[in-house]
Amino acid sequence: MAVAERYAVKESEAHWQQVWAERACFRATEDPERPKYYVLEMFPYPSGRIHMGHLRNYTMGDLVARYRRARGHMVLHPMGWDAFGLPAENAAIQRGVHPATWTRENIAAMRDQFKPMGLSIDWTREIATCEPEYYRHEQKMFLDFLKAGLAYRTETWVNWDPVEHTVLANEQVIDGKGWRSGAPVERRKLAQWSFRITRYAEDLLQAIQDLDRWPDKVRAMQTNWIGRSEGARVRWDLADRDDALEVFTTRPDTLYGASFCAISPNHPLAAELARDNPDLAAFIAECARLGTSEEAIETAEKRGFDTGLRAVHPLDPSWTVPVHVANFVLMEYGTGAIFGCPAHDQRDFDFARKYDLPILAVVAPRDTDPVAFAADLTAGTEAFVGDGVAINSRFLDGLGVADAKRAVIERLESLGKGEGTVQYRLRDWGVSRQRYWGCPIPVIHCPSCGIVPVPEDQLPVTLPEDVTFDAPGNPLDRHPTWAHVDCPTCGTAARRETDTFDTFVESSWYFARFCAPHSDTVAFDRAAVDYWLPVDQYIGGVEHAVLHLLYSRFFMRALRDCGYLAGAEPFAGLFTQGMVTHETYQAADGSWLEPAEVERTDDGGARRLSDGAPVTVGRSEKMSKSRRNTVDPERILDTYGADAARLFIVSDNPPDGDMEWSDAGLEGAWRYVNRIWRLVAAPPVPLPPAGTPVPVADLDAPTLGLYRRAHKTIAGVTEDLERFRFNTAVARIRELTNALGDLKADAPGAAAVARFCVETAVRLLNPMVPHLTESCWQALGGSTILAESDWPQADPAHLVDDTVTLAVQVNGKLRGNVSLPRDCPKAEAEAAALAVDNVRAHTEGKTIRKVVVVPNRIVNIVVG
RNA sequence: GCGGACGUGGCGGAACUGGUAGACGCAGCGGACUUAAAAUCCGCUUCUCGUUGAGAGUGGGGGUUCGAGUCCCUCCGUCCGCACCA
C-alpha cells in the first residue's frame, strides 16, 4: 500500500488537537444574537485513572457539542473535577500522601488521559471543587441559606459507620451495612446541619411535569422519591391522659373500621412508657436490633406490644381502641403513629389476625352484597384495598371512597380532631460529614452566643494543611489549633464547626459556576449565568437519577430565593447513558482473569495467553475491579487512536443501553476509519477539485440515485443526532459509503457525485471521528477546518425520488414489486400490480374482492 | 407489593404516525489479489423444504385490521428503581 493511502492516526490526532488548541476553537463566548447551547457531562471524581464509562460519557457529550457548534450555536462545553471525598482520605491513611496532593496529582493525570480523546472542551474553564476559590462561594451560599431558613441545625437519627467514624448518607448504606467498611450501620442521634429541601417538595414534584426532555424513568424515580400522598392528620385523645395521639392516614374514609392504634418503637410516647415498663423497653430494644436491612423487613413478622393505653375514636367518644407499639410503624414517616383498619390494609390485617383484633369491613365493592362481602373479608386472609362504597360507617354509608374521604375530613376539621394534609416521603437533606476532605461548614460554636456564622469578610474558612490520619475519626477534631477561635460576636474562646459538607453539595451548583468560573467576587456572574443556564443537554449515569439531580434542582431554587440567579431548573435536557460491560473470564481455580490475559479460540472457548490453560467465559457484566473485566482506555487510545474508540462507542448500540465492549467491535470501527481515509486518499473515481458543481441534469438514474442518497443521509443523520440515535446515524453513513462502491466511474457527472458523497460522509462523521475527518477534509482541499465549519444542508428537492418501488401483496403476503412514478394515480398502481407475473399466478381463477392501494408504499390485493 | 423499561437471526441491534421484518455492524462461510500471510475488495449468511419458488417466523395464546414487531386483551420471562411510606 502506498504511503499516502495509510492513515497515520497518531500524527493526525496529535496534529489536530494542537490546531484546535492554537485556534481556541472550543473557547466558549457569549453572543446574545446567537442561540446558545450548554452541553455538560457529569463531572468526574478524580480517581486518577479514566475508565471506559468516562470514555463513553465524554464521547457522547463531545459529539453533541461538536454537532451544535456546527449548527451555529454558541456552545459551552466545560470540564471540572468533583474533587472532595472519601477516597482521598483513604489514600492518606493507606499511603501517607496528603489528600490535597493526591487529588491534585490525580487531576493532572486524568487531564492527561482525557486530552488524547480529542474532546472539544473549553479547558480555560476548568474547576476543582476542592480549591478555596471554588468552595468559598459555597460557604457564602450556606450563610445565605441560614438566613433564609433553608439551612438549620437539628438532632436527627443518622446512619453511623462505626469503622469509618462518620455519618453515611442513605445511599451509602447497603443492606444495613456501610458501603466501604461492610460494618453494620448504627442508628445514632447527632446534631446535624440540614438543608430544607422539603420546603420545595411540591414545587420539585410539580415541575417534573415540565421536564419533557428528561427520561420518563428518571422522572418517575424522582416522583416516587418525593412520594406525595394526600390524607389526613387525625387526633386520637388518650383515655386517662392529658395528651393525644396524632396519626397520619391516607384512608380517613376507613375511620369507622379502626380497631387499634400503633406507634413506632422510636415514638416519644413509647420511650416515655418504656421508662416504667421493662418489658416494653425490651421489646423496643429488640425492634432496634432487627435493623432495617431488606431481608430483615421481608421476613420480619408484624409484632406489637400492647401499652395498655386506650385511644378515643375521634368521631365517637364512647369508642376506644388499644394502643400498641408496633415494629412496622416508622418514626420517619408521617407522625410515627397510625390507626389500624385491618379490613382495608394488609399490614393491619396481618397484625389484627396475630393479636386477635376485630376486622370490620367499612368499604365494599360496588354491586356486591355488603353483608356477605363483610363476612367473607372477616373470614379471609386478605384486606380489601380497592375502590368501593362505604358501609358500616354511619354518616358515610353509600359514599364512594373519594367522597367519603372529603366528608370525613370536613367532619374532623369541624370537630377540631384533625385536618386534611399532604405528606411527603422526601426528607430534609442532612449535609454534615465528620470528614476532613470536604468544604468546611462556616460556623462557630460559642459557649455564650450559641451558633455564630463566620462573618462574610472572613471567608473562606480554609482547610488546614497540617493534619494527620494516624487515628480514626475526623482530623479536624484533633487539630491542635484550627478549631480554636474567638467568637466573632462576643470574643470569648469558641470552637469552629469541624464537620464538612457532604460532597453532593459541591456538585449541586458546579454547572452554574462553569458559566463564569473565574469571577472571584461573586459565585455567579449574573449576565453569564442568565445567558448559559439552563444546561441544554446534561449527560451522565442513571445512578444519579435521584440524589444529585434532585439536590441540584433544590439548589437552583434555593439560590434563586437567595437572589443568586433567576431560573429554577438546572437541566433542561437529560440523557442517561448505560454502563460499559465486558465478558468475564475465570481460570480453572476460579480466579478472575483480565481480558488482556485471555485469548478467544475458534471453537468459541478461551484460553490463558501465558500457558494456554482453558478459561471459562462468563456473561458480560459491568466492568469492575473485582471481576477484573476492565479494559484500560489509555491503552485503547494508544493502540487504535481516539477516533476508532469513539466510533465504536457511538455505533455499537443505542446510547442509553448497556454497551458490550469487545475487541472485535473496536477493530470493526478501526477498519472503517481506515476505509474512510482510503476513500479520500485513493478514491474509486478521481475526484474533481473542491467546489465542482454536480451536473444534476446530466446524471443517469443510478448516479442521480446515489446523489439523492447523500442528501437523504444528511437529513437522516441530522434527525438521528437530534434524537440521540448515534448508532443509526453511523449506520446511515456506512450505507452511503457502501453505495459509493456501486458507482459507475464512466457515468456522466460520476466524479462530481463521488466527491459530493465523500465530502458529505466526512462532514457528517466529524462529530464522531473529529481527527480523521479533519485530515480528510484537508486532503479534499477544504479551505476551512471542520471544527469551524457549518453542518451540511440537505436539499429538499433531492429528498424524494421520481420513481418508487411498491410492494405487491396478495391477501397480505408479499408476491412482488412494481416500480412506478412517484404519486401515480391509484388506478395505475392497481393495474401495474395486477400485471406482475407472480401476482397473476396467485390471483388466477380467484375473485378479486378488494384492492388496497397505499400511495408510494404498497398494493394489497384481496382475493377469495 | 408499588413504579418504570423491555422481549426481533449465532451476537449487538434496525424497522418514521400499522404498510416489503432483519438496515448497519460483529462473528461465520465462499471467492479475488498474494509464493505465502496480513491488509484490502467482492459474494453469501433468519429457519425449513427446494430449480424457479413455497412455507414458517419478531417470548406463548387470543383479538382488531385488506395488512400487526408496531394497536388491544391475556399469560410467561428479563432488567432497573423504591419498598412495612400508613
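Cβ coordinates are placed from backbone N, Cα and C, and glycine is handled just like the others.
For A:K625, the entry in TrEMBL reads ATP binding site. Neighbour count (other Cβ atoms within 10 Å of the Cβ, all protein chains): 9 for A:K625 (ATP binding site).
As annotated by TrEMBL, compositional bias 'Basic and acidic residues' applies to A:598-610 (among others).
The compositional bias 'Basic and acidic residues' annotation in TrEMBL covers A:619-630 (among others). Outside the compositional bias 'Basic and acidic residues' (A:619-630) by six or more residues, the chain places 51-53, 579-585, 592-595, 658, 660-661 with a CB less than 8 A from a CB of the stretch.
As annotated by TrEMBL, domain 'Methionyl/Leucyl tRNA synthetase' applies to A:39-173.
The feature domain 'Leucyl-tRNA synthetase editing' is assigned by TrEMBL to A:224-413.
The domain 'Aminoacyl-tRNA synthetase class Ia' annotation in TrEMBL covers A:426-583 (among others).
Taken from TrEMBL, the feature domain 'Aminoacyl-tRNA synthetase class Ia' applies to A:620-661 (among others). If you take every residue in the domain 'Aminoacyl-tRNA synthetase class Ia' (A:620-661) and average the pLDDT, you get 91.
For A:707-825, the entry in TrEMBL reads domain 'Methionyl/Valyl/Leucyl/Isoleucyl-tRNA synthetase anticodon-binding'.
Residues or ranges marked as region 'Disordered' in TrEMBL: A:598-630.
Per TrEMBL, the feature motif ''HIGH' region' maps to A:44-54. In terms of DSSP helix, strand and coil, the motif ''HIGH' region' (A:44-54) has 3 helix, 0 strand, 8 coil.
Under DSSP, A:K625 (ATP binding site) is assigned to coil, being neither helix nor strand in the three-state scheme. Counting Cβ pairs under 8 Å to the domain 'Methionyl/Leucyl tRNA synthetase' (A:39-173), the top-ranked stretch among A:224-413, A:426-583, A:707-825 is A:426-583.
Helix, strand and coil residue tallies for the region 'Disordered' (A:598-630), in that order: 0 helix, 15 strand, 18 coil [DSSP].
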